[in-house]
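Below is one structure, written out as structure tokens, with a few remarks after it.
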Amino acid sequence: MGFLNKLFDDNAREVKKYQKKIAAINDLEPEIKALSDEQLRAKTDEFKQRLENGESLDSLLPEAFAVVREASWRVNGQRHYDVQLIGGMVLHDGRIAEMRTGEGKTLVATLPSYLNALTGRGVHIVTVNDYLARRDSEMMGRIHQFLGLSVGLIVHGLNYAQRRESYAADITYGTNNEFGFDYLRDNMVTRPDGLVQRELHYAIVDEVDSILIDEARTPLIISGEADKPTELYNRIAMIIPRLKPEEDYNVNEKDRVVTLTEQGVSRVETMLSVENLFDDLHTELAHHVNQGLKAHALFKLDRDYVVKDGQVIIVDEFTGRLMFGRRYSEGLHQAIEAKEKVKIEKESQTLATITFQNYFRMFEKLAGMTGTAMTEEPEFKKIYKLDVVEIPTNMPMIREDLPDVVYRTEEGKFKAVVEEIIERHKKGQPVLVGTVSVEKSERLSSMLERRGIPHQVLNAKFHEKEAEIIAGAGLKGMVTIATNMAGRGTDIILGEEVAPLGGLHIIGTERHESRRIDNQLRGRAGRQGDPGSSQFFLSLEDDLMRLFGADNITGMMDKLGMDDSVPITSKMISRSVETAQRRVENRNFEIRKHVLDYDDVMNLQREVIYAQRRQVLMGGNIQESIADMLEKVVRETVDMFGAQSPYPEEWDLNSFLEYVENVFLPNHDITAEQVGSMEKEEIVEMLLERAQAHYKTRETAFGEEIMREIERAVMLQVVDKKWMDHLDAMDMLREGIGLRAYGQKNPLVEYRREAYDMFQGMISSIQEDTIRYIMRVTPQVTEQKPEEPQHVRTNRDEEQPARPVHNEGPQIGRNDPCPCGSGKKYKKCCGADS
């Protein structure tokens with residue numbers, strides 16, 4: 001308890017600090033109120049001028065906040081409460097503001113976004129879906145536009161020109177997916193005029209827990225079609241149903257793993273007519289079997305995905321929303337398509353990928369807001385260096401949170417939920433019921449239909465009406481069934497006569513793995529001092545209770561001889577449930593941390609490649625880079641053949657000269673006798689001199705301008721192809737690295753070491769291929785058209801080998817971070833030997 005007391009003391013102290021500035025803002029109110037619309041708008045230019053003259057944003061804050069507050073009142077009829085001003089200051093300081101549902105987070109964001117947009121460097125306001133981004137940009141954008149700032153919107157379906165214009169605005173509203181994908185696309189363009197994003201200056205993330213924690217494990221992936229047949233998926237889908245659970249395979253639901261038993265392996269081998277499923281010849285077949293098993297045993301229709309218009313659409317486990325465009329990777333999505341007998345889409349190859357963790361950590365300043373962040377504060381601090389400040393509510397919270405009730409079976413629980421709904425419906429009290437899946441919401445809906453209770457259902461199948469359904473959930477007599485946190489971001493306003501009936505009543509039908517998600521459901525009631533209540537109905541058959549320790553409760557119920565219809569409520573049960581949730585939360589945090597440890601390795605490599613690619617794209621000194629590459633390739637070629645013997649006459653000179661011709665000196669007239677009579681360093685000098693002369697001849701023939709254009713196009717094309725292959729190779733490395741633990745080796749250390757070697761190999765391969773093409777390519781004169789996006793899709797998938805290593809390493813500064821991911825400087829780590 002001492003820790004909790006300290007936590008609340010610290011929070012109160014932080015809030016008190018901000019409250020001192022509130023007085024200054026409030027004191028300015030009469031003066032600002034007296035300004036005309038034109039004078040109020042002119043304040044924006046005045047602030048910009050004062051910034052140029054050396055004033056800081058912090059010193060402008062009281063006046064800027066007072067201006068936004070007044071503009072909001074004039075434009076939208078909304079005046080920021082004092083607690084909302086505190087929220088705005090917390091966001092300006094690059095922290096997370098925890099504000100209860102209904103406290104007006106969207107309005108809060110207008111304060112720091114206006115202040116930080118005065119720098120002219122852009123502000124991103126990030127929301128979880130297109131509807132909220134569009135709504136907020138329209139409603140809150142009016143305030144900014146009134147004050148002379150431009151507002152942009154980034155949602156699905158915009159063309160290149162619209163995106164570029166939106167990013168150029170002072171304040172840009174959009175979704176996390178669109179911002180992330182645009183960043184990846186920007187690192188795939190081949191001309192500078194194809195770029196849409198500006199620098200990553202300041203981001204305010206709404207529902208920050210959903211984006212930075214719940215979605216942290218899901219990378220954003222842009223992929224293109226891979227040339228792989230799909231027949232094998234159907235073949236596997238036909239044999240999996242013939243296998244018997246426990247006899248042929250074991251399912252570990254807790255870790256989401258399925259494994260074949262020995263009997264299962266031999267049955268699969270018989271059905272597929274192969275001798276050994278796990279030998280090197282059948283690696284791909286074994287992978288298909290594994291994915292087929294997962295598709296049938298772990299992934300359930302109407303829980304993990306739905307089938308809509310002949311397509312398998314993933315359901316977001318946290319919000320219950322359909323995730324259009326997202327696909328499971330590594331052939332799993334195709335395995336599910338085969339299971340559901342719908343058209344199997346071709347597999348894809350990853351072109352670019354990044355996690356939300358690494359995308360948002362690139363912003364110079366990051367802030368967030370949510371109704372529930374305190375339970376995850378350690379993770380926000382450790383991974384994003386973000387503090388959480390709990391903002392006091394404007395009105396006291398009077399919602400009544402009733403103790404959980406637990407039933408032995410799920411059937412008993414749902415019957416009790418229906419009776420509770422009927423009881424409250426009789427007196428006209430609105431009820432919002434939260435379920436964990438589409439399947440459970442439909443089950444409850446049919447039970448209510450049988451009892452003649454009118455109700456509305458909001459799940460992944462009815463997402464189009466989400467905001468409309470949620471907004472009406474507070475009307476008298478309304479019964480709404482919603483999956484998880486669907487409708488988050490839309491306020492539930494109580495209808496007339498509802499407050500005396502007790503306000504909105506929330507029923508949770510299952511505890512989520514995370515206490516935070518449960519708190520979000522409870523938080524739908526009791527907004528802005530409204531009355532309300534909440535209660536969770538649980539059963540021992542719920543996933544959380546079944547998988548994470550309800551044995552002691554089951555034993556107790558057995559001893560008491562309790563039947564299905566009798567609930568049990570006790571503090572011990574509530575404690576057991578909370579202990580199980582803490583256990584799962586810690587486990588999930590470790591998984592996310594583990595993912596990040598591996599992704600950090602890839603992230604450093606991505607930063608090196610993207611930085612060098614951007615340099616080439618923007619017309620950096622390409623000629624100098626080519627000259628360096630040429631020398632490296634010549635030296636590496638001589639070193640590679642020279643490894644056989646220090647004496648050139650003992651080398652395989654015919655192969656050597658063939659390689660030289662193939663890579664950097666086409667149509668040369670050098671003979672084996674010439675090379676055999678020279679010293680190693682003389683060979684390097686002679687080859688380099690001739691290669692440079694050949695390069696110069698080509699440059700003179702084409703002209704410098706065309707030569708630079710050729711070099712730029714070749715380098716970008718080669719880098720993109722090699723990076724794409726490298727991503728696949730890294731995926732394969734990652735997939736198999738866990739097995740190193742059996743050899744008493746640390747998989748992460750091994751991954752870093754091998755990833756670094758592969759990165760070195762890729763850089764060497766980029767240099768060699770770039771030189772090969774530049775020494776051969778003939779320019780074709782074509783009309784230049786505006787850059788159009790490539791035919792790619794955004795989601796996720798897989799496979800390709802890496803090139804062996806023989807080079808001096810990438811062009812990394814000695815003081816740069818080492819791409820192996822150790823966190824040390826290059827000169828102190830992998831560069832120590834060079």
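Along the chain as shown, the residues are counted starting at 1.
Glycine too: its Cβ is placed from the backbone N, Cα and C atoms.
Features of the protein shown, as given by Swiss-Prot:
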BINDING   Gln84, Gly102, Glu103, Gly104, Lys105, Thr106, Asp491  ATP binding site
REGION    780-834  region 'Disordered'
COMPBIAS  784-801  compositional bias 'Basic and acidic residues'
BINDING   Cys818, Cys820, Cys829, Cys830  Zn(2+) binding site
COMPBIAS  818-834  compositional bias 'Low complexity'
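Once the Cα atoms of Gln84, Gly102, Glu103, Gly104, Lys105, Thr106, Asp491, the listed binders of ATP, are compared pairwise, the greatest separation found is 17 Å. When Cβ atoms from all protein chains are considered, those within 10 Å of Asp491 (ATP binding site) total 16, not counting its own.
The secondary structure of Thr106 (ATP binding site), as reduced to three states from DSSP, is helical. A simple way to gauge crowding: the CB of Thr106 (ATP binding site) has 18 other CB atoms within 10 angstroms, across all the protein chains here. Taken residue by residue with DSSP, Gln84 (ATP binding site) is part of a helix. Annotated ATP site Gln84, Gly102, Glu103, Gly104, Lys105, Thr106, Asp491; additional same-chain residues within 8 Å of its Cβ mean position, judged by their own Cβ, are Met99, Thr101, Leu107, Val108. Same-chain residues at least 6 positions away in sequence with a Cβ under 8 Å from that of Lys105 (ATP binding site) are, in sequence order, Gly87, Ala97, Met99, Asp206, Met369, Thr370, Gly371. For the binding-site residues given as Gly102, Gly104, the lowest number of other CB atoms within 10 Å of the residue's CB is seen at Gly104.
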